[in-house]
Every structure is written in C-alpha cells, then in structure tokens.
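Quick look at what TrEMBL lists:
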type     : residues : note
COILED   : 62-89    : coiled coil
DISULFID : 112-122  : disulfide bond
DISULFID : 131-140  : disulfide bond
DOMAIN   : 108-141  : domain 'EGF-like'
C-alpha cells in the first residue's frame, strides 16, 4: 500500500513540475511522460533535493516509506503554490496534459550560445541572433551578403537589394546573393569583370523572366563605364563629396531599354559629361547624402521602451527579447508576456505570434524612406499593422500550447515595393516568400504539423483579390481564379477581399486600414462624427434633409473601355445615371472629396480591381454606402448588421437604381444613418500612436477587436456551436460602447427597422 502511494505521489509530482515550468528548456527528459510504465517512471534520475525512489526489487521499511511520503507531500504543496502563480500569470493554461506541456517546454526556449553583440538580440524561439538588416554572425557583425559588403571602395551598411528606382550601382555578384534570398528588386547590375559562363546563364535567367515573369534584370558589361565609376568614387571620397556616403558623377540610368541580357548602356541613356549629382549608398538620401533613411529610426511598437531601434530592428535591453521587446526573460528560466488588461468584449480566442527572422519582416524596411514605415502604406499594410497589434494584444499568449490560432508574420506590402513581391497581385517571388515563411514555421516548431494545426495558422494577404488573380467573365458571372500554392491552402488567410477565391467561414475578411483622422479632419465641421476626433465639438448626425450635399455621390476611376474593372459596375452606373440632378458620378478628383462624402446622402461603393475602399470611406464619412459587390462577403458580416447601415444591391438593380433609392422611406434613411453613427469605429483600425491619441477610448473596440470576435466565433464553430457570432442582439452593446456619435434608438435594433424591403 505504501509503495503504491509513494509512486502515485511521485507521478503527480512529475506532472506538476512539468506544468509549472512549461516555457523553460530544462531537464524534462528526466521526467517520464504520464503514460510511461510505472517502473520506467520510478527508474528516472532524481531531481535536485528529491531522493530517488527505491530501486525495483528493494524492500524499504515502513518508516522509510512514511518519511518519503511526508517529504513528497511537502514538495507537492510547494509546487501547487507555484502552479497557482503560473496559472494566474497565464504562463500555462489549466489542465494541460503533461505530455503536451513537455512539448511546450522543449519548444519554448532555445537560448543563443553567444551574446549577439550590442546591436543584436537573441531570438529564443529559434536560438539565433536577431540582427539589423543584412547582418549575421555571433555578434551581428558579419555581412549576410559578402559580395554586397564593399563596392567601389565603400563599406556598405546594408545590401542594396531593393527599390528599382535606386541608382547606386551594384555588381552582379551582389545582385545574385540578393536574388538567392528572394530580396532582389533592381533592374540593372554591373559585371565587374568579363562575364563567366555562370554569369551569362544568370543574365539570361533574369532577362527571360524565369526568376519572375513580371520582373527582368539586365547585366551591364562595359569596362570603360566600370573604370569611370571607380574613378568618380575615389574622387568623391578624396574630396569629401556627398558627405562621404555617395558617388559624385553623372546620373546613371535605372535600367536599360531595350534590356540586354548582357549589354552596354546606350549613349542615349548615359552621358559621362552630364551634370554630376550625388548617387547615395544604401540607407542614405538627400542632395549630399546627408540624411539617414527615416525608416532606420522606426521600429515595431517603438520597442515598447525596452530597447533601441537599429536600422528598423529592435535591439532589446537586457532581460527582454522579441520583435518589439515584448517578451521578458524570467530569472528562474523561460519567458513571459507583460499582459495588458484584457477587455470584456466576449473574445475567447488566444493567438501565438511566431518570432520569424527579419528577412520576412523588418528587413524589408531597410531601404524604405517612409518616416513611419509601420503605418505608411495604408492601402495594403494590414500585414504590418496586424503584426504590431497581435504583438501588443491582450489576446496574445507566449505559450503555444494554449493558443487557438498561430500568426505567421510576413510583410508582403513592404516586399511589394522593396523586393518585387507584387502590390495588387502576388508575383512568383512573393509566393516564394510565403512558402519560405511556412517552411520555416514547419521546421522550427511542431504545431503546424499537428492534426488540424495548419488550419489554425494565419497569414495576411492584402492584395486586390486576396490570394487570387484578376478573373474573367463566365456568362454573366465574373470569376476570379485562385493561385494559392497547394502547400499553403490549409492556412487561414486574413484578406481585404471577400469574393472568390476567399473561403467563407475559414478565411477572415477585414477592412483596409483607412486612416479615420484624415477622413474626419478633411471634412471639417460638417462631419457628422466630429465629436469623436480630438479638438472637435460634440455633435449629432445631421438629418438627411440637412446634409446639403449630393443625393448620390461617387468620385473615382471608371475606365469605360474596360469591362473587367469593378466587374463592369462603375461603367454601367455612370452610363445610366451620371446626368441625373443632384447625382455626382465622376472620374475627376476633388480637393474636397471627404467633405463631399460627409455631406452626401448615399455614396456608391463598388469594387475596383479587387476590394474597394469606397465602402469604408463612405462609412467613415457618415454617408450611407450603396454596396454593389456581387458575391463579395463584407468584413464581420456575421457580427455587424450590414443591412441596417448600408443599402446592399447587385448589378441587376442598376437600371432602377434611381427609383430604388428614391423609394426608401425617410424613416428608414434616418435609421440607416443612426446605426451608421454607431458602427463606423468597428470598421476602422486605430493602430498608430497618433490615432490612439486622437480618438482615445473610442479605439478600444475597433476593427482589430471585431476581428478577434470573429476569430472567437470561428473557434466556437469549430467546437460545434453553429450559431456563434450570429446574434445581432449580442452586437448592439458592442456597437454602442464608447461612441459619442452613436444615435441609435430602440427602433433601429428592432425587426421593424428592416421589415420593409428596399427593392
């Protein structure tokens, strides 16, 4: 009896020990899995301070058993206290099986065997140094691209891989190393010696586009030009021109047209005696190369005040690590998050954020001159914005074992402009980046390969039609074609396009990051939501008869000769309705665009080449959107009542559009506007520090929070709750919370508000 009791307590002790230390790489291999044979468990080596159990075949006395049990009971009490403390800080969830906790412990921390130097931080998820762009090695002092480290007598701070408009001359060997890393977006390189067979093959590959059919590269073989570049570079250094960071010479062309593959630059493209300018090396800009790129001083979440920003990468203070220095190294081992308070919005999902190497994320900003590259590409930059939000989110977990979803960061929006990954449609180079990121996750962690694990992994694609390409008409239906590689198809994609090939119920549709402060401030005092913006007076939405603007408003591209653009909808609406009184339908721009929107009654919201921003600009302007996007799911439509704040039509309604809108009762119009006055913050991202300061508490339930609610609904439906996230009654409290402009009445949330069809 005593032997069985001691063994049971020892098993329990082992189980508790693994749970208390889930995030530390320690001697868990000395603790047998819970399902191991009892003899194997008793044969394990003893932990420090714990006597080894009696070997098999020995017969200890009753007194020895009694002493051993007393000792174990005391240790179990102490471990229970540690376990309670661990649970309270959310380091590990309750009731995690011991075998899974052991997996987390083995995976969670991999300390680097070296210091990483003053400008590097150990990535403890993979056991490698996180270095500034294009550096590697034990102290981040070695160049990742050796052929790019020194050219024309200059020591280059980073490799000149990106930005096609850059004119600093690079050698083809440097270009090759950039291309091998999938980071090349130059259009011309220089052979600094007679081309070899390898060089000729490389040039032909670049020229024919086998590397990427949307991008070509020319190798220039011109001995006289090479000699000139070397001479001008030496003179520039000797005479201290260009602040010592560039070459004083005639402007080089950005590319050769027609291209090579191996060619000399035509005389018409370059005049050696032309007016000299400073051709700046990477990371420098200005007439005299006197400025460092602004992106160098911008880092994710400003490193949370726990590190220095070094060339767009956080060098974390001692005791912290992570992409934004959010993770704290615990003195006893492992790491944890400093959790912000968790709001009570009904969000149950927890997200684990992978710590990927910089070549997938922050390195792509190395040659961007945007002052705030983290918030500068609002059309497409939700991949950056959401990464920052997840890093700082109260729904983030540092323990992958308790995660419901896994976020894989990849900055395609930056890579589109600095590495050729494609802005509107992803290029083959871009898909290689996605595949490489997923391969890295597969190899560095076990969670992707677990049953159902791939479906829990999320990536952001903000292209015009998500992971599709522009489609074609099939009869009367416009169909987009998926180009998603098979290996990536199980993933959950966060997209801004809700039509094909987006998969309803699996992928997540979100709005673009339209800057709300720009929309509201541009409209001046006429904006119906002015009270929400710092410095504006409290107000209420104007009645439709008092708005003073157009009855129907649209400004933007129309492209009459292209029936593919906007699925032909913009063109048909223009042809049938642009001459109507008090209807503004024009492809002419206006300085008062947002003011015109804020004073209009209805605003046309079609698609463009893919997703269209007009619907979100209309919502932020307080103008009732007339959404005409066939078979295109809208963001959070299982939570937000789109038919209560928008007019949802399709192409078949275009001939009668004027009749349909004119027939809407004024009571319904006012109800649509009142609901719109509450819902608009839920379709805006308040992500940047300036936005949070400008909108204050209004930012507490923005589009990110709605996305987390939608993810929680996905989580619940995966558990078998088919109704999760569909109850309009549960959303009314969310819509009203903290919105000063909200003017909803009981009628607006009742069935009567939508009882009468609009058409």
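Residue 1 is the first one shown; counting continues down the chain.
The backbone N, Cα and C atoms fix where each Cβ goes, and this holds for glycine too.
A TrEMBL annotation is a machine prediction, not a hand-curated record.
Residue counts for the domain 'EGF-like' (108-141) under DSSP, split into helix (H, G, I), strand (E, B) and coil, are 1 helix, 8 strand, 25 coil. Across the coiled coil (62-89), the prediction's mean pLDDT works out to 46. The Cβ neighbour count for residue 140 (disulfide bond), using a 10 Å radius over every protein chain in view, is 22.
For residue 122 (disulfide bond), other Cβ atoms within 10 Å of its Cβ number 21.
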